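Data block below; observations after.
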Amino acid sequence: MIFKLQFVSSKSRKMANCLVLLCLCLVMVSFNVANTMNETCVDDISIVLQIDLYKNSCSEAESIIYSWVENAVSQDSRMAASLLRLHFHDCFVNGCDGSVLLDDTEDFTGEKTALPNLNSLRGFEVIDAIKSELESVCPQTVSCADILATAARDSVVISGGPSWEVEMGRKDSLGASKEAATNNIPGPNSTAPLLVAKFQNVGLSFNDMIALSGAHTLGMARCSTFSSRLQGSNGPDINLDFLQNLQQLCSQTDGNSRLAQLDLVSPATFDNQYYINLLSGEGLLPSDQALVTDDFQTRQLVLSYAEDPLAFFEDFKNSMLKMGSLGVLTGTDGQIRGNCRVVN
């Protein structure tokens, strides 16, 4: 009887050891998966995006996207900002689902004619070219939403900014919302509190707002978008030489449609010069300059990024990853469009 009890005890110890080893294996697997996946919850639904999702199904996907973006930016340096902006405007309207790419039809209204996008967004032809090649190499595999996220990253890298691993797995929407585009996307005359509110409404923080605003180190804006900046002639944030140059530019024939660089110092380079410009009163858009005049907290973070470009780069890429996971469609939700401009 005693021998039997000892035998059972020994067997139990072996089983316990096996269970411990199994648990350790599961922990290791979970750790490895966590390194390649980003899980977010939207309305209590678990959504997973994954690094290297197309490694087996479309191994050339990222190189194809990079090649087209590189070519487009080499021909038009402004295109880097345009492709980055497409991703922003997509994610701010019901999540990163490629809805911004859909064209209007007789019975469908997209987002391209919403006030923040009308005669403003560009780069659609670059996305079309990328999608066309991807469809020929690996049909119905890479979504338009994933193309936007990757092209945005590549635009930053090609312009000298930080790189990050783009998490994939987004599906494309079956619809769009002109109303949400009109209401959700921050305008060029926004105050700092309004900017914070707009970002928080889509799930982004105060810090995300300041970091992502640094994207304005690239690109251009029409005189009509910063006309209220031209009216000021006094105040702590006024740089008279800067304003006089803008007034001269915008007073010419067709002044409202004339373009000015968002960053006059290094317009084609992704760096922290944007924040340095704000501190010297050279923010082009009223919403940019508001970051140093409307709120002490926003000014302090602007100051920190102006002093430390590496801190800006780190926060920017983390905020891009966070924005890129907003409201994504995965699994059986959405679709992979064959043509980014129309629903299948």
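Note that Cβ sites are derived from N, Cα and C of the backbone, with glycine treated the same way.
Taken from TrEMBL, the feature signal peptide covers 1-34.
For 48-344, the entry in TrEMBL reads domain 'Plant heme peroxidase family profile'.
In the structure as shown, the Cβ atom of C138 (disulfide bond) sits within 10 Å of 16 other Cβ atoms. For C58-C138 (among others), the entry in TrEMBL reads disulfide bond.
Note: R85 (site 'Transition state stabilizer') has non-local neighbours L121, G123, A215, G219, i.e. same-chain residues 6+ apart with C-beta under 8 A of its own C-beta. Under the heading site 'Transition state stabilizer', TrEMBL lists R85.
Here H89 (active site, proton acceptor) comes close to V100, E111, P116, N117, L121, A181, I185: these same-chain residues lie at least six apart in sequence, with C-beta atoms under 8 angstroms from its C-beta. Feature annotation from TrEMBL assigns active site, proton acceptor to H89.
As annotated by TrEMBL, Ca(2+) 1 binding site applies to D90, V93, G95, D97, S99, E111. For V93 (Ca(2+) 1 binding site), the same-chain residues 6+ apart in sequence whose C-beta sits under 8 angstroms from its C-beta are S99, V100, E111, A176, S177, A180, A181, N184, I185.
Annotation source TrEMBL lists disulfide bond at C91-C96 (among others). Counting only same-chain residues six or more apart in sequence, the Cβ atoms lying under 8 angstroms from the Cβ of C91 (disulfide bond) belong to V202, M323, G324, L326, G327.
Residues or ranges marked as disulfide bond in TrEMBL: C144-C340 (among others). Its Cβ taken as reference, C340 (disulfide bond) is surrounded by 22 other Cβ atoms within 10 Å in the chains shown.
The substrate binding site annotation in TrEMBL covers P186. Sequence-distant contacts of P186 (substrate binding site), defined by Cβ-Cβ distance under 8 angstroms and a gap of at least six in the same chain, are F92, L194, L195, K198, F199, S287.
The annotation heme b binding site is assigned in TrEMBL to H216. On its own chain, H216 (heme b binding site) has L262, D263, Y274, L284, L285, D288 as residues at least 6 apart in sequence with a Cβ closer than 8 Å to its own Cβ.
Residues annotated as Ca(2+) 2 binding site in TrEMBL: T217, D263, D271. Around T217 (Ca(2+) 2 binding site), the same-chain residues six or more apart in sequence whose CB sits under 8 Å from its CB are L262, D263, S266, T269, F270, D271, N272, Q273, Y274, listed in sequence order.
Annotated disulfide bond per TrEMBL: C223-C250 (among others), in sequence order.
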* Asked: Using Cα coordinates, what distance in whole Å links C340 (disulfide bond) and D90 (Ca(2+) 1 binding site)?
  -> 13
* Structure fact -> One of the binding-site residues D90, G95, D97 has its Cα closest to the Cα of C58 (disulfide bond), namely D97
* Residue among recorded positions D90, C138, C144, C223, C250 with Cα closest to the Cα of C96 (disulfide bond) -> D90
* Structure fact -> For G95 (Ca(2+) 1 binding site), the spatially nearest of the disulfide-bonded residues C138, C144, C223, C250, using Cα atoms, is C144
* Taking the centroid of the Cβ atoms of D90, V93, G95, D97, S99, E111 (Ca(2+) 1 site), which other same-chain residues have Cβ within 8 Å of it? -> H89, C91, F92, N94, C96, G98, V100, S173, A176, S177, A180, A181, G327
* Structure fact -> When the binding-site residues D90, D97, E111, D263, D271 are compared by other Cβ atoms within 10 Å, fewest goes to D271
* By CA-CA distance, flag whichever of C138, C144, C223, C250 among the disulfide-bonded residues is nearest to D90 (Ca(2+) 1 binding site). => C144
